[in-house]
Amino acid sequence: MEQERSMPVSLLSPRSPSSQPYLSVSVTDPVKLGNGVQAYISYRVITKTNFPEYQGPEKIVIRRYSDFVWLHDRLFEKYKGIFIPSIPEKNAVEKFRFSAEFIEMRRQALDIFVNQIASHHELQKSEDLRTFLQVEEETMERLRSHDSGIFKKKPADLMQMFKSKVSDIVLGKEKPVEESNPEYEKLKHYIFELENHLTEAQKHAFRLVKRHRELGQALADFGKAAKLLGACEEKAVGKGFSELGAKSEMLSIKLQKEAHELLLNFEEPLKDYVRAVQSIKATIAERANAFRQQCELAETTKLKEINLDRLVLMRSDKAAEAEVEYKELKAASEEATKRFETIVVLMNQEIIRFQEQKTLDMGLAFHEFAKGQAHLANGVADAWRSLLPKLEALSVS
Amino acid sequence: MMDSENQGFEEARLYSSHEEVENLDFKEKLSAKSFSNYRSAMSSLSDAHHPLSSPAVLTPADSDPLRPPPMDRDLQKPYVSDHFFSDPLHFSDVNFGPSDGNNVSDLNGVESPSKSLESSGSLSRSSSSNSEYIKISVSNPQKEQEVSNSLVPGGSSYITYLITTRTNIAEFGGSEFSVRRRFKDVVTLSERLAESYRGFFIPPRPDKSVVEGQVMQKQEFVEQRRVALEKYLRKLAGHPVIRMSDEFKVFLQVQGRLPLPTTTDVASRMIDGAVNLPKQLLSESAMAPQEVVQPAKGGRDLLRLFKELKQSMTNDWGSSKPPIAEEDKEFLEKKEKLCDFEQQLSAVSQQAESLVKTQQDMAETFGELGLTLIKLTKFENEEAVFNCQRVRAADTKNVATAAVKASRLYRELNSQTVKHLDVLHDYLGLMLAVHGAFSERSSALLTEQTLLSDLSSLRSRAEKLEAASSKVFGGDKSRIQKLEQLKESIRTTEDAKNVAMREYKRIKENNRSELERFDRELQADFLSMLKGFVTNQVRYAEKMSEVWGKVAEETSSYSKESS
């Protein structure tokens, strides 16, 4: 199952020869379940694959939003250094939680989320992914509620807190240690700046959706009033207004449609882009943690070594104990170093993947945006143009 | 293409060159301010947070589509809130049809394009084959001191405007002349016209504003008023009958003080009233016939006012048929239809304003999106480590450019739309004139009816008196005297009644001819407006489609189908 990482493959279609491994997932069919406050949406998750570990070729399970959250959190824990694809936000204004548009937006975002995982060369191998895509609903529910408890306290943090307390006291400084890597600094700065730009762009994209809706409404109202005016004036002018009104109303519908398209095909991809950047920030934080741990453990180990040597020299009976401790600490330190270095390597790979993927994603989003606008403009032009000969005829009569 | 002269004229403006259209966008902001009714919607049109028209925002390295056409270079300024007030724009650069006062001061040279459309439109309608014209512009507001012999020392100041007229109509006895007038003069003119042209649809004059003295002098208020005055005078000039009136001619031509009687002379009015009163009390109905020509509501003749009020109440509640009913069924039908029409027109006008506002918002948001994407482009280019980033930056720039263009297009579309839809507003204003004309008719009828009923009551009294005095042998000296007086009253009242009848007839005829004219012009104006509006929408939609079509093509490699 070696897929070259340089190829950002989204989906290999099941149509390709069966020797080619593929994993294709879709999130569909949102259905409202439950009552009142406990009501929620469930989704059908369809997996088509020829991966040997999977029950193939097709498996369908029912999942809800918190299951996706479970998957995301587990991946985030296990694959430090990899930019975990992001899920849509939890918070939703109560009023809109079950609006058709919101449901569709969320479904689309979840579909993209799972697919991004399925097409990531490392993440697709994840056991948690397999669990998510395959196990029965009851098992899933058990896992979800079980794990949500533990995940509040991450084991790494516990050790880290302990260690940092010790070394801070020993070293007499509270200042957090940071890498001095100019290239990495540049990257961090880039990521933080990028988030600002993208957030602003997404904000304006959202406003643009709203504007389309408003224009649609204005056209509808205008059309209605024009028709009424046309009705009370019987001569040519009346006819003219009636026709104008009818066209306005028709165009109003087109505008509402375009608003919806814009939302799904332009605003959401931008939002997804923002979330992806935020995921990178989370990885940056993880890397900083790992770096700190590595440094602190290295320091502590060194101190322990010095102490050990001293004890040995003094032929103290504490030396044996100290040696054991030292060996443990050294192992931990090496592990921490390895962890950190893995993250660095992964991040470097991930950045390339991210940039390439985003160029494709945004390219598509831009294309859909432009297409939608062109389509709308054509519709508007056609509609109004068809009115002109009628108005001409009215003027002559 | 479109045949009528009107349409051709419009076309010339609509289909002016691309460059002019770009300029139009910028300059429209100035003229946009003159559409006082759209002020709220248009405040953002003239709002100078116009990053798009201010090229200084964009770096010089940016490619062509973002660089505004050469003309605008002269107007380069950073975000300055009043920049369009300080820029010396010349409307003569842009072909707006009949040049109207281009050599008048810069700021005021900005004519409201719809006016040129309307006045030339209405001119080409009313002066059908001959090329008669009257072109009026109002400009150059100046502060002047009141030279008063009032008790208040120092005197107050007021604003005068320069009113320039160009005409080739012979009766004006000149081809170009200017006078200075103040707003009070305009009020006087409108009142004199109302008196002389009862029954005509006289365009309503601009409102008197109840504001404090200080505000009166503020530039914005003065400018608004200047625009309103210009509109008003042009409308008057567009009315085939009123434009030839003495009052109008005098207003436009006679230098110095306006030689028309004003109504502000309260003191003498009171005296007049007092002088008349004893006569009325004594002779019971000595109404000078010629006074009958004005409605009682003028307030000068209290007695008459009460009488007519009584009469109107009788008419309303009277169980018996009123002496003369408004029999003209056709007229009544027409009136009702006009009421309906006015209601619907008002609704359409409101929705049109909303439409304009949303188009405006769209323009703004597209612009903001474009700018944000441009910033993103720059950022990616500066920070690019990988080639795909540069590719993405190029794609982003394409979209950004298109968004900026779309924003411009929406703005231009809007300023054109505003012009067309302004016809709706004009007609709403005209409806006021129509109401005025109809109410003149009613009050003339009321006067006639009052006099008729007066007459009949006088006659019956005379009869009784005659009968009573004939019973007295040898004649009743006092009764005979009274009878003589009564007969005198009857004669006077009869004269007045005849005058009133003639007046009523005259007004009815005015109403009728005006209604005809109104109908005709309405058809022409509205159809032309509709065509203009629709043509505009088509034009801009086509341009929009072009802009986005290009981007769609350039990004087609990303589409799912192609991979």
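Quick reminder: no glycine exception, Cβ is built from N, Cα and C everywhere.
Unlike curated records, TrEMBL annotations are generated automatically.
Checking TrEMBL for region 'Disordered' across the ranges B:43-78, B:187-222, B:439-474 points to B:43-78. Checking the ranges B:1-20, B:261-280, B:321-340, B:481-500 against TrEMBL, the region 'Disordered' annotation falls on B:1-20. Secondary structure by DSSP for the domain 'PX' (B:139-258): 53 helix, 25 strand, 42 coil. Over the coiled coil (B:448-521) the predicted model carries a mean pLDDT of 86.
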